[in-house]
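K.L.:
Pulled these features from TrEMBL for this protein:
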type    : residues               : note
DOMAIN  : 211-377                : domain 'Helicase ATP-binding'
BINDING : C440, C443, C479, C482 : Zn(2+) 1 binding site
BINDING : C449, C452, C466, C469 : Zn(2+) 2 binding site
DOMAIN  : 463-643                : domain 'Helicase C-terminal'
Amino acid sequence: MQAEVLVSIAHHQVDKVFYYNIPPSLAGRVQVGSRVLVPFGRRKIEGYVVGLNPAPNQEELKDLAALLDEDPVFTPLQLALARWMAAYYLCPTVKALRAIIWPLLQIKGPKKVKGLWPAVCGNVPDPRRAPKSAAVWEVIQARPGLTRKELAEAAGVSPRVVDSMVARGLLTSKERIELRDPCRNLPEKRSFPPVLYGEQLRAVKKIIEALDKNDGRHVFLLHGVTGSGKTEVYLQAIAAALNRGKQAIVLVPEIALTPQMIDIFRSRFGHQVAVLHSRLSDGERYDEYHRLRTGEAKVVLGARSAIFSPLEKPGLIILDEEHEPSYKQEESPRYHARTVALRLAGYTGAVVVLGSATPSLESYCQAAGGGTYQLLELNQRVGELTLPSVHLIDLRRELRKGNKGIFSEALQEAITDRLSRREQVILFLNRRGYSTLVVCRECGLVLKCPHCDISLTYHASGRLRCHYCNYSVMAPSLCPGCGSHYVAYLGMGTQKVEQEIRRLFPAARVLRLDSDTVGRRGAHREIIETFREGEADILVGTQMVAKGLDIPGVTLVGVINADISLHMPDFRASERTFQLLTQVAGRSGRGKKKGEVMIQTYSPEHYAITCAQNHDYRGFYRREMAMRRALGYPPFTHLARLLVTGKLEREVQEAADFLAQAVRTTNAPVELLGPAPAPIGRIKDRYRWHLVLKAPVQNFLREAATAALNDFYNMSNYRRVQVSIDIAPQSMM
Ligand SMILES: Nc1ncnc2c1ncn2[C@@H]1O[C@H](COP(=O)(O)OP(=O)(O)OP(=O)(O)O)[C@@H](O)[C@H]1O
Ligand SMILES: [Zn+2]
Ligand SMILES: [Zn+2]
């Protein structure tokens, strides 16, 4: 027998299968999915078995050096995905594979403990004659696998009772992988499905029909306004999938994966849910992974990478907030979870549900423009609720009135009004820190990060911070350029908004939610819970307040400055702005009282803003599609981006020129934009240039990029320069 092995060197030039002989000591234990150690050159390195070959090859093969785990680390389905990802995103296969199985690779050796199980033919203890044993028996039936101590504790008896039951053969003990108490976070209460209203019911029915057809051709776009009850549609679709013996994957953007969201799923599906997110410890993640592999958990709720969960055969895949940019991984492999989900559904026949109040243009045109998706709509909010009324506040007029503050008069009045009525307020500004620009008024020097082409943000701690590399330094009292005292702090962040609010409304109880305040484990939950329980009046925050929060007390949302995202040098700036405004506005008026939204802006005529004001998704879609068509941007064309980075600017520029020349000489019919410095010209001491390729067919892009990169590796000498390929880029920065 010989093994086909992918070695763990992520480079295009070793991206192929190597063959090794399986020595007799390992015969029968090595399988597809095994992690092994192989001799490679003069070293021994890790590798992954991707095939077994009974016919021995002619050549003399080296032996596998060792088998690293008894159990395989990936499934055939995961391998298929890795191979597809490598071809689609032009990355080394082993890199794709490692991105898929990383939760397993974090762990050195799983800890084993002794668990207890009810013996198969044990006599059931009689509750009247042996109440303690009976209590233990009841617990172990419901939760087999508990340790001696856990079991005694759960049954409220001394461990000696458990021991005697083991001695009498009522319980058997087996080794199992330690699970970090999977019951720890189970909500006390179970929730039961509410009666669906008309549009919800119709949506669920359509999804169930597709589940029953089982032909793998169903992608639904669930377009439901904010507060329309999309989550309930997911829950009932999942219940239907479980009833049919199927498994489900639910993806949620990382910042929307709040403890509340997790509770909603756990209180409906209990232990059947495994949760995967970045705040888990490696051990906890491993345990959830293990529960999925053994089939104990049948629903996975997680962020982007949960799409790679080791489920045997997912039958339903849901992406909530499908338009979210965070579904794209911004490092190699630069995959988009939506694209992977569609591919995975192709392999398993799963039904896909993409949900959003503001679908991406790419998805909506597949659903509305005669594409391959089916559109499901929820046009109204649950119950008697209506969408909030949205007012635009022209900040230019405010200045003319002499108001130079952060808050317009109207917004201040509205806040005063809510405070007096004991209703709650959310204030949104998509920038953290105190001042986002520190500049000398005499010589004009802007304080920038020494490692990045980014201005430093002043934080209330008195330090300046780079939001790209986290460099920080005490704020100087004099200009480091000319020694002037006149250093101005311009551009506000959430800390300043919080401070101003406290100054203007000293009696109000204020909380702030941004990545600076959620550092500590559990802090995120605490802030949201405190606010939900009505123990605070005003919540100030970044994007984190815009997504998914369902807090009935909120009747006013204030957007401090809508223009920040509007003027990004990115062709999706309008789309992002419209989405963000619609999402944050949607947090208002979800309780019994009608909600209001105030958007402060210098561009009150811009269609991204007026359409958000009017809750007019279709209007926005029409305007933006016309723009994209005119400029030749997606979804009318396909893009790829080659990003060139290195420590020496001259080399980076020359390498970018070389690549551009290589692209021009390929036969693939692609249009080339650039090379040019990327909008952020330097990050972490690396200069950045990029080339953007455009084509009517995505494969032309792959052809051109592959050919250019081959030339680059074979013919150029820029060894210190890195080139990364991004197929269907989401960020152009
Ligand atoms: N059929 C129903 N009957 C009663 N309550 C419901 C029903 N469906 C949903 N709800 C409740 O309505 C509220 C809003 O639902 P949900 O948060 O799912 O909206 P959503 O569409 O996801 O909104 P958003 O996009 O703004 O996050 C929730 O509190 C949910 O429990
Ligand atoms: Zn100066
Ligand atoms: Zn920096």
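A Cβ is built for glycine as well, from the same backbone N, Cα and C atoms used for every other residue.
Walk me through where these features lie, including what they touch and how far apart they are.
P.N.:
Long-range neighbours of C482 (Zn(2+) 1 binding site) (same chain, six or more residues apart, CB within less than 8 Å of its CB): C440, E442, C443, L445.
When secondary structure is read from DSSP and collapsed to three states, C469 (Zn(2+) 2 binding site) falls in the coil class.
In the predicted model, the domain 'Helicase C-terminal' (463-643) has a mean pLDDT of 92.
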K.L.:
Of C449, C452, C466, C469, C482, which binding-site residues come close to ligand 2, meaning Cβ under 6 Å from one of its atoms?
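P.N.:
So the answer is C482.
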K.L.:
Just checking, which of C449, C452, C469, C479 (binding-site residues) has the fewest C-beta atoms within 10 Å of its C-beta?
P.N.:
C469
K.L.:
Of the binding-site residues C440, C443, C466, C479, C482, which ones put their CB under 6 Å from ligand 3?
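P.N.:
Checked binding-site residues vs ligand 3; flagged C466.
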K.L.:
Have a look at the binding-site residues C449, C452, C466, C469 and say which one has the shortest Cα distance to C479 (Zn(2+) 1 binding site).
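P.N.:
Checking each of C449, C452, C466, C469 against C479 (Zn(2+) 1 binding site), the shortest Cα distance is to C449.
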K.L.:
Which residue, out of the binding-site residues C440, C443, C466, shows the minimum number of other Cβ atoms inside 10 Å of its Cβ in this structure?
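P.N.:
The binding-site residues C440, C443, C466 were compared, and C443 has the fewest Cβ atoms within 10 Å.
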K.L.:
DSSP secondary structure for C452 (Zn(2+) 2 binding site), reduced to helix/strand/coil, please.
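P.N.:
The three-state answer is coil.
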